[in-house]
Amino acid sequence: MKLIIVSGRSGSGKSTALHVLEDMGYYCIDNLPIGLLSPLTQEVLDQGKTQNQQLAVSIDARNLYRDLSDFPSIYAALQAHNIDVEIIYLDANDATLIKRFHATRRKHPLSSKSTSLKEAIAKEKQLLEPIATLANLYIDTSDLSIYQLRDQVKIRVIGHKTQELALLFQSFGFKHGVPSDSDMVFDVRCLPNPYWDTALRGYKGTDQEIIEFLKQHPEPEQMLQHIISFLETWIPHFQNSNRTYMTISIGCTGGQHRSVYICERLGEHFKKKYDNVQVRHKELAQ
């Protein structure tokens, strides 16, 4: 049987991820106590379900600390019974989680009169560490919309299931920080910058005006071909090491022009070679 465990801090998008899995045909259980994980899977096996049975559960920090600490041994026991276990761990930066709780006016499950929201979020990270360290898939949802998160979960789960590589090319601005989910980072700040042309400053890297500007210079094409050559050489090696997804980040100063252009070109190229290719522009989504 196939078991997907969805975990992560409150407000990171676990419910959304579980809904995606339900739409994909998984039988889903929300907020399962860790102590019931082994009995549940055993019950499914005892009922004579087929090996194609797909089960997904979410686990959060409301479990007892002792149970969370025991998770690695429970995980190992499930694998010993030939259960195909996959862990999806969702997270976001503290500022984003705080903003989401303020927006929804929900109470954090670990907050109390003596524990502030900020303290509860920090405590939750510590409690979930035994699960986070074993995660097969880590998704940072800080800058993702609900729809982008749904796409991320779907493409990564499908890729993991079929052993088909899923590629995400994302542009970003270094002044906003390097995305924490990056597997590779390419710095394109050395390329000619249309920002300094006041007539072009308001355009984005997907606009024809910026495309034409960058095509007028030899450096962007040269940089692009070098990145393509590097990726075509090394992506197969990552595939051979059982990687089923990769996040390749392209950064310029503000994430508006050069990185967007290069990212789009990379997406166009690799969509001809791989079925699961996504392009995302982190700063344009703001």
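Yeah, the Cβs are placed from backbone N, Cα and C, and that goes for glycine too.
Feature annotations, reproduced from Swiss-Prot:
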BINDING   Gly8, Arg9, Ser10, Gly11, Ser12, Gly13, Lys14, Ser15  ATP binding site
BINDING   Asp60, Ala61, Arg62, Asn63  GTP binding site
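This view paints the features noted in Swiss-Prot onto the structure.
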residue	record	Cβ contacts under 8 Å, 6 or more apart
Gly8	ATP binding site	Lys14, Asp60, Ile88, Tyr89, Leu90, Asp91, Leu128, Ala132
Arg9	ATP binding site	Ala61, Leu90, Asp91, Ala92, Leu97, Ile121, Glu124, Lys125, Leu128
Ser10	ATP binding site	Asp60, Ala61, Leu97, Phe101, His108, Pro109, Leu110, Ile121, Glu124
Ser12	ATP binding site	Leu90, Asp91, Ala92, Leu97, Thr141
Gly13	ATP binding site	Leu90, Ala92, Ile139, Thr141, Leu144, Ile146, Leu149
Ser15	ATP binding site	Asp30, Ser58
Arg62	GTP binding site	Asn31, Pro109, Leu110
Asn63	GTP binding site	Pro33, Ile34, Gly35
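Listed in sequence order, Ala92, Thr96, Leu97, Arg100, Phe101, Arg106, His108 are the same-chain residues six or more apart from Gly11 (ATP binding site) with CB atoms under 8 A from its CB. Close to the recorded ATP site, the chain also has Asp60, Leu90, Asp91, Ala92, Thr141: residues not among Gly8, Arg9, Ser10, Gly11, Ser12, Gly13, Lys14, Ser15 whose Cβ is within 8 Å of the site's Cβ mean position.
Residues Asn31, Ile59, Leu68, Pro109, Glu124, Leu127, Leu128 surround the recorded GTP site, their Cβ atoms falling within 8 Å of the Cβ centroid of Asp60, Ala61, Arg62, Asn63, which are themselves excluded.
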